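Copied over from TrEMBL:
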type	residues	note
DOMAIN	65-117	domain 'P-type ATPase N-terminal'
TRANSMEM	311-336	transmembrane segment
TRANSMEM	356-379	transmembrane segment
BINDING	Asp427, Thr429, Asp833, Asp837	Mg(2+) binding site
ACT_SITE	Asp427	active site, 4-aspartylphosphate intermediate
BINDING	Asp427, Lys428, Thr429, Glu531, Phe572, Arg616, Thr696, Gly697, Asp698, Arg807, Lys813, Asn836, Asp837	ATP binding site
DOMAIN	859-1112	domain 'P-type ATPase C-terminal'
TRANSMEM	894-917	transmembrane segment
TRANSMEM	923-943	transmembrane segment
TRANSMEM	972-992	transmembrane segment
TRANSMEM	1012-1030	transmembrane segment
TRANSMEM	1042-1065	transmembrane segment
TRANSMEM	1085-1107	transmembrane segment
COMPBIAS	1174-1187	compositional bias 'Polar residues'
Amino acid sequence: MDCVKKKEQELERKLRANDREYNLPFKYACLDVIRSLGVSQSLRVEVAAGESQSPQSALSVDAVKTNAIKTSKYNPFTFLPLNLFEQFQRIANAYFLFLLVLQVIPQISSLSWFTTVVPLVLVLTVTAAKDATDDINRHRSDNQVNNRKVKVLIDRKLRSEKWLDVQVGDIIKLENNQFVTADLMLLSSSEPLNLVYIETAELDGETNLKVRQALTVTGDLGEDIEKLADFDGEVRCEPPNNRLDRFTGTLTYAGQKYSLDNEKILLRGTTLRNTGWCFGLVLFGGPETKLMQNCGKSTFKRTSIDRLMNVLVLCIFGFLAFMCTILAIGNCFWELNEGSQFTVFLPRQDGNDAGFSAFLTFWSYVIILNTVVPISLYVSVEIIRLGNSFYIDWDRKMYYSRSDTPAEARTTTLNEELGQIKYVFSDKTGTLTQNIMTFNKCSINGKSYGDVYDYTGQRLEITEHTERVDFSFNALADPRFMFHDHSLVEAVKLENPEVHTFFRLLALCHTVMAEEKKEGELSYQAQSPDEGALVTAARNFGFVFRSRTPDSVSIVEMGQQRSYELLAILDFNNVRKRMSVIGADTIIYERLHRSCSKLMDVTTEQLNEFAGEGLRTLVLAYKDLDEGYFNEWKRRHHEASTLLDDRESKLDELYEEIEKDLLLLGASAIEDKLQDGVPQTIEQLSKADIKIWVLTGDKQETAENIGYSCNLLREEMNDVFIISANSPEDVRQELRDAQTSMKPGEDSVFLPEGTLGKGVKVMADEAVNGEYGLVINGHSLAYALERSMELEFLRTACMCKAVICCRVTPLQKAQVVELVKKYKGAVTLAIGDGANDVSMIKAAHIGVGISGQEGMQAVLSSDYSFAQFRFLQRLLLVHGRWSYLRMCKFLRYFFYKNFTFTFVHFWFAFFCGFSAQTVYDEWFITLYNLVYTALPVLGMSLFDQDVNDVWSFQQPQLYVPGQLNLYFSKKAFFKCALHSCYSSLVLFFIPYAAMHDTVRGDGKDVADYQSFALLTQTCLLFAVTIQLGLEMSYWTAVNTFFVLGSLVMYFVVTFTMYSNGMFFMSPSAFPFIGTARNSLNQPNIWLTILLTSILCVLPVVTYRFLFIQLCPTINDKMMFKVRQAKATPAPLPRRTRIRRTSSRRSGYAFSHAQGYGDLVTSGRFLRRPALSRSSGLTNAGRTTTGFSPMGRSAGYSPTGRLQNAKVPDVEVASLQMYRTITDPSL
C-alpha cells in the first residue's frame, strides 16, 4: 500500500484497543519514514474512510510510525536546492541572478562578474545561514520530542518505546510530571475515582490545573496489566480536528456503549501533575493530534511600504527597460552614422550589423544600469528592521516589573507599520481591565450592601484608610479579603435568612477546587478569577467551601459542617449564555417567577447604580423541585448525554425545560479594575487621530460603562448612538438615523473603483461636526456584518470617534477587522490577551498580545507583546513613529544616491558612442553600496529621530503624517527621482566641462578617461554624503564616525587600488595605476568637487527654506519649538476622572469552561480524601491562602498570584441541584 496515495477525507474514526492489525489498514497518521543521517521523519498524513481491511493488506509495523512529528523544512540533501529555490522566488534575487548570467556573456558585459556575484552571494549566504540555523533548531526539537520514551503495552508487557513508535490503538502508561504522548482516552489512574490532574500551558498558556476522570468501567482496570491487555473496547469518534474544547465519541465495551467527551480525553501537549500514574488509549497520533492540528501557518504579513516597494520596483524595471531601449536605439544610429568609420581598424564580426549591435547594447546597459535596484537595498532594510526591533526589546519603559515581563518584538518585519496605525481594535477584559476580580458590592432581598455612610447619612468615598470589616471571628476567613460595609457581616451574624441563602448559594454553586494541605489553610483553584472572588467572599462571610466529592459538596456554615448532595448540573454553553443559579443578569431575569416582579424592580434599580460605577453584575436565583419530576427529568438527561449526534441541542432543550420560574435572591457586583494608565493612553491615541474600537464579549452595559471610565466615550461627546435592534430592517434604520444625525442629507462617499485592486472600492474618511460614539450589541452586529449592510455599518462607525461592539464572538472580531481592512485601506492594529482574541490579532495588519490573566495564546499569535495596555502609546507614538520616519528617510535617500549614481552612466552613454562603457572604475561600482555608502545610511536609519520621546508624547499630532503616508509615497518617490536626475546632470557635466581640454600646471594632460572617472565618482560621493547630512536630524557620535569614516575609507581604498603594487599584482584587475595621486593633487580638481557639491545641495536647501517659511509641516513647527525650548517640557496634565451615574445595567461575562458541570458530578474534582477538620467560628488567627488583595476587596486570580499565565475566555457551569444530608461523621 502507498502511504502517499490520496485518500478520501476521514468522516469518523474507528479503532480497537490492543489490536494493531485491526487499526493498521486505516493508515491513521501514515508516515513515510526517512532515517538518513539522523534526520527526523518526513511526515505525510493520510486518513482513510471505510471499514477495515484484511491484515494481509496492512503495512508492516516497521514501515509505519504514527506518532512522529516533523516541523523542519530541510534535510542535508534538500537544503541547498530548496533554500535556493525559495530565495530565488523573491523577484530581486531572481533579477540579480539574471544579471549575473548576462555578465558572463563576453559580447554583452562590460563589467566584471564580481560586481554582481559578490553582493548576491553575500545576501544568499547570510539568508541561507539564518534559515539553516532555524531549521537545525527545529530538527533538534523534533528529534528530542520524537525520541522521548514512554511505556507501551505490547504483547502483555510494558515496554519502553520511543514516542515515534507509538500507534493508534496502543495503551500507554504515563507517570507524574510526564508529557502526554498523544491524544488519549483516559482509562484509569492512581487517584481516587480515577481522576488525573493536568497542566495545559503548552495548549493555552494556563498554569492552573485541570481535572479529567476516566469512565468507571475502564477505571476498574486499574494498573492490572492482564486486565489492560485483555481490554478490547472499540472507539468511534470524530475525525482529527483542531477543536481543543470539544470531543465527541463513544466507547463500546462488553456489549455496552458509553459516551465520551472532552473531559475524558488527555491531549498531547499537556503535562500530568499531582498524579502517580495513569493509563490511556491512543486515539490520535503525531500530526493528527489536536495540538498539531492547531499549528497552522499564520498569515504572512507585509507592511504598506513593502507593498508600495513592489509597485515601485516594477516601475523601476519598466523605466530601466525604457532607458536601455533609448540607448540601444542610440547605438543603432551611431553604428549606422559613425561606426562605419571605425571598421577599418576595428572590423566587425560576420553578421554583426547595427541592429544586432543595438540588441547587444540593450542587454549591456541592463547590466550597467542595474544599480537602480541594488541588492543591498533589501539587506539594509532587514538590518534596519532588526535594529529597531531590538530597541523595543530593550526599552525599560515598556518593562513590567511585577510580572518580570519585558516588551517583545516577535517579528522584525513590521516595525515601520507601527507608525501608520489608523484603527486600533481592542479587547476589554484583561486588556483595558486587569481581569482580577474584587467582590465590591451586593444586593440581597432588595437591600444594597457595600457602601459606607457617615453619621449624617452621606456616602463616603472608600480609601486605603477606610475602616475594614473585622473577620477575626471566622477562623477560616481569607486575611487578604477586604470589605468595608459592616452592616453585611452584622446581617450574617443576626442569621438573616435571605443573606444566609445568598452566601450559601455562592458557596455551593461553583466548580472551584479546594486544597487543604494543613488544617485550616485553604487554597482554591478556580477556572476564572470572578468565580474565585465569589467563593472567597462567601468564605469570609461564614460560608466556607471545604471539599467536594462526585456527588456532594461540603461547606462550613457559620461554624457548622454541612454536606449537600449534588444531584445535577445544567451546563453552560455559548448559546444558552447563562447558568440557572449563577449567570448573566438579563438572562436570569427572563426566567424569574412572576412573584419576583417587585423585588426585580428594586434589584434592577440597584444594578443600575452598580453599573454607573462600571461594576460587573451577577444575579442569583433558586428553585424548589418536585422529586418525582426531577427523577423523570434526570432519566431523559442521561439519555441525551449519551447521544453521539446532536447531543448539545438535546441537552439545551432539557435545560430550557427546567430553567423556569426561578426565585430571585439578589445580585453581586464585582469590580474588574482598569489597568494603570488606560484613560491617559486612550486620550493620547485619540489626539494622534487613531480611532479605537473595543470588541468585547461582555454585555453592552458593562462595555459602555468601561468605555466612559477609560475616556473612550466622554460626556462632552455630541451623542453616543446605541444600535440594539433585533431585525435587519431596524438595524439598517438605526444606522441611517445615526448617519443623518452626524451628517444630514449625504450619501456614502467612495474613491474610484480599483484603488485597492480587484475592483474594491475604498471608503473615504468623512468629516463630521463634533464627536460621536457608537455602541452596537451582538445581535445587531450579526446583521450589520451581512454583505448587504456592511457598508452602512462601516460608514456609520468610521464617522464616530469611538466604537464599542458588545457580545461579539471571536469570528465576529476578525470580521470587523477584515471589513475595515477591505474598505478603508488603513493600517489596523488588534490588541488582546485571550485565546478569543487570536483571530482578531491574526486578521489585523499588526497583532499585539498582552501577557495577562487569560493565558499566552494571544501572545503566541502576536507580532508584538507586552504586559500592560498603557505601553501601546509608547510602542506607537515613539517606536512606531521613529521606525516609520527612519525607514522613509532611508528609502528616499537610498533611491536618491543610487538613481544619481546610475543616471550619470546614462549621460555618459551619449559621449562614448553608446558603447556600454562605464563611467566609474569597476571597483568603485562594486564597493559603492557595500562599503562607501552603507554605514552612513544605516547610522541614520538606526539612530535618527526628529524629536525625543518626551516631545513625541507631548505632541501626539506628530503621528498623523505617518497615517497619511506623507514621508514616503509615489509622489515622494518621483520627487526623489527628479532630484537625482538634476544631481546626475551636475555630477556629469560640471566635471566634464572642468576637465575638457585641461592641462596640469606642468603642462601635462589630465583630461583622460581614468582621471575623469575618478573625479566624477569623488564628486558623487561628496554630494550624496552632504545630502545625507541634510537628511539627518539627530547626530550622534556613531553617526559622525560612520559618515567621516566612510569618506576616509574611500580615499584609503582608492589610493590602495590605484597604487603601483596592486597594478603589478594584477594589471587587468587594477588598471587605474597612479590616477589618484596624479589627479587629487590638483587644485582645480578640489574646486570642481566643491562646486558640484554646492550645486547639488543648493536646490534642496532653497526648497526647504521656502517650504518651511510658507507652509511648514507639523514636524517643522515642532522642530522650531524644540530649538526654542531650553528645558524638558513639563509633564502632561492629567485628566480629572468624572464619576458617572448611569441607568445602564452592567452585564456579567463569566469566564468559565463549558463541561465543568459534568466534571463536578462525575467526581473529577476530587483529588484525595480531605483532611480531618475542626469547624466553628472562633477568634483564632486567620490563615493564608493564595489570594492577593486588589482594591477594596481581595483580588482573585486562578493561581493566587496577581500576575500569572492567562485564563481563557471560557464559561461557567450551570444549575446545581442539592439535597441536604446528615452525616454523623461530620
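From the backbone N, Cα and C atoms, a Cβ is placed for every residue, glycine too.
Whatever TrEMBL says is automated annotation, not expert-curated.
Remote same-chain partners of the transmembrane segment (311-336), defined as residues 6 or more beyond its termini with a Cβ less than 8 Å from a stretch Cβ, comprise 91-92, 95, 353-355, 357-359, 361-363, 365-366, 369-370, 372-373, 906, 909-910, 913-916, 970, 973. Within 10 Å of Asp698 (ATP binding site), as judged by C-alpha distances, the binding-site residues found are Thr429; the full candidate list was Thr429, Asp833, Asp837. For the pair formed by Asp837 (Mg(2+) binding site) and Lys813 (ATP binding site), distance between Cα atoms is given as 8 Å, rounded to the nearest Å. When the binding-site residues Asp427, Asp698, Asp833, Asp837 are compared by the number of other C-beta atoms lying within 10 angstroms of their own C-beta, Asp698 comes out lowest.
Between the transmembrane segment (1085-1107) and the stretches 923-943, 972-992, 1012-1030, 1042-1065, the greatest number of Cβ pairs separated by less than 8 Å involves 1012-1030. By the count of Cβ pairs under 8 Å, the stretch nearest in packing to the transmembrane segment (923-943) among 356-379, 972-992, 1012-1030, 1042-1065 is 1042-1065. Here is what falls inside 10 Å of the CA of Thr696 (ATP binding site) among the binding-site residues Asp427, Thr429, Asp833: Asp427, Thr429. Taking the C-alpha positions, the distance from Thr429 (Mg(2+) binding site) to Lys813 (ATP binding site) comes to 14 Å. Helix, strand and coil counts from DSSP across the domain 'P-type ATPase N-terminal' (65-117) read 26 helix, 0 strand, 27 coil. Within 10 Å of the C-beta atom of Thr696 (ATP binding site) sit 30 other C-beta atoms, taking all shown protein chains into account. Cα to Cα, Asp427 (Mg(2+) binding site) and Lys813 (ATP binding site) are separated by 9 Å. Using a 10 Å Cβ-Cβ cutoff, Thr429 (Mg(2+) binding site) registers 29 neighbours. As a whole-number mean, the pLDDT of the domain 'P-type ATPase N-terminal' (65-117) in this prediction is 77.
Counting only the Cα atoms, the space from Asp833 (Mg(2+) binding site) to Lys813 (ATP binding site) is about 14 angstrom. If you draw a 10 Å sphere around the CB of Lys813 (ATP binding site), it holds 27 other CB atoms from the protein chains shown.
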